[in-house]
Each structure stands twice: as structure tokens, then as C-alpha cells.
């Protein structure tokens, strides 16, 4: 698959699609945010992550204010084309709390 | 955090929450599906994953028909309480296509 095919294949018919962001170096899941077609386009064009903020109703380029940019190394699409998996080189912390990952509250079974 | 606190803390106010499923052994991202409060309750009670199917409008216990159950080893909640990260021991394939992971279409940057 190439970038053009990726853009054409993602199914936005149910609305925003979740993008799982993982650290390309150690595979840690860093965060999840949402993309629409334009956010994915900007992500491909700039090779940094762009999302659609559901709370602020605006595009955001992760790192634009914090400096904690995510440099995109690969994007995978799931079997039914409505979830993205984005491998990134993460500068600093992914989470606004200062934690490297947003998933820092854990229950073991 | 314990299981009771987890159940009380998840924010379902925006609707279903995405659950990222990863392989506890190698950290591969296997799939993403959606949970509501009852699906999360059933997941905790049975220690196997339960989801709400948006296409079939019903609960599904992953593996009930395929035998490819996901045994839950840990659940993490993200900073704003609206995404779950579930670490599982995966029997067989996570994907209905027979692939181990649903994310088998990849573009490298």
C-alpha cells in the first residue's frame, strides 16, 4: 500500500476514525486520538501527527505547543479500514500530564 | 487502581469507548473494538474480552464462535478516561481474516 491508496481506503463513513499511536522504538502504546480525512492528509504531508479534537472542534498538530512532536514512521490500517495504527518517533512525553504514555493507570488481572 | 474503581472511572458520556487490544507477550497491537459499561463489566467478570458491535448492535464475546478467546491480563485507562488498553493472551488469530493482527496493511514513511 502507498500513501495515496491509504487515503482513499480509510472508511470515514462512520465519522472520525481512532488512531492508535505507538512508539516505533519500543512499541509502547502512547495515546489514542481521532482523525478525519483532512487530519490524515496533513499527517501524510507533514510526517507529523495531526488530529481532530472532539473537545475543541479544531485540528491540532501534536507538539505544536509543547514541542513534543510525533514523527511518523509508518501507518497501518485495520482489516475493516476504520482504525489507524501510527508508529512514531516521540519527542518528550506523549501525554499532557508529563507521562510518556497516556495509559498510566493500570489494573492487573 | 482496582477493578471497581476502573469501572467507576471510565467516562462513557461520549458513548462507546475504544479498547485497544495488545498481545501481552510481544506488545503487538492486535485489534481495536468498542466497549460500553456492560461490556467492560462482562470483560472484568469473565476475564475474556466482551465488546459492543456497532454493526450488529449486540454484545460479542471475542472467541465465542472462533475459539480465538482473549484472556485478559491487564487493563489500563488513559489520562482522560475515555480509552482502554487491554493486554491479553491471544488464542489463535485476533483477526477474522486469519491474520494474527488486524493491522496487516502498512505504509512506511
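Keep in mind that glycine also has a Cβ here, set from the backbone N, Cα and C atoms.
These features come from TrEMBL:
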DOMAIN    B:31-104  domain 'Phosphoribosyl-AMP cyclohydrolase'
BINDING   B:78, B:80, B:82  Mg(2+) binding site
BINDING   B:79, B:95, B:102  Zn(2+) binding site
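Structure with TrEMBL features highlighted.
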{"residue": "B:78", "record": "Mg(2+) binding site", "Cβ neighbours (10 Å)": "25"}
{"residue": "B:79", "record": "Zn(2+) binding site", "Cβ neighbours (10 Å)": "17"}
{"residue": "B:80", "record": "Mg(2+) binding site", "Cβ neighbours (10 Å)": "13"}
{"residue": "B:82", "record": "Mg(2+) binding site", "Cβ neighbours (10 Å)": "18"}
{"residue": "B:95", "record": "Zn(2+) binding site", "Cβ neighbours (10 Å)": "18"}
{"residue": "B:102", "record": "Zn(2+) binding site", "Cβ neighbours (10 Å)": "24"}
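Counting in whole angstrom, residue B:102 (Zn(2+) binding site) lies 22 from residue B:82 (Mg(2+) binding site) by their C-alpha atoms. Filtering of the binding-site residues B:78, B:79, B:82, B:95, B:102 by Cβ separation from chain A (threshold: under 8 Å) yields B:78, B:79, B:95, B:102, ordered along the sequence. Residue B:80 (Mg(2+) binding site) and residue B:95 (Zn(2+) binding site) have their C-alpha atoms 28 Å apart, to the nearest angstrom.
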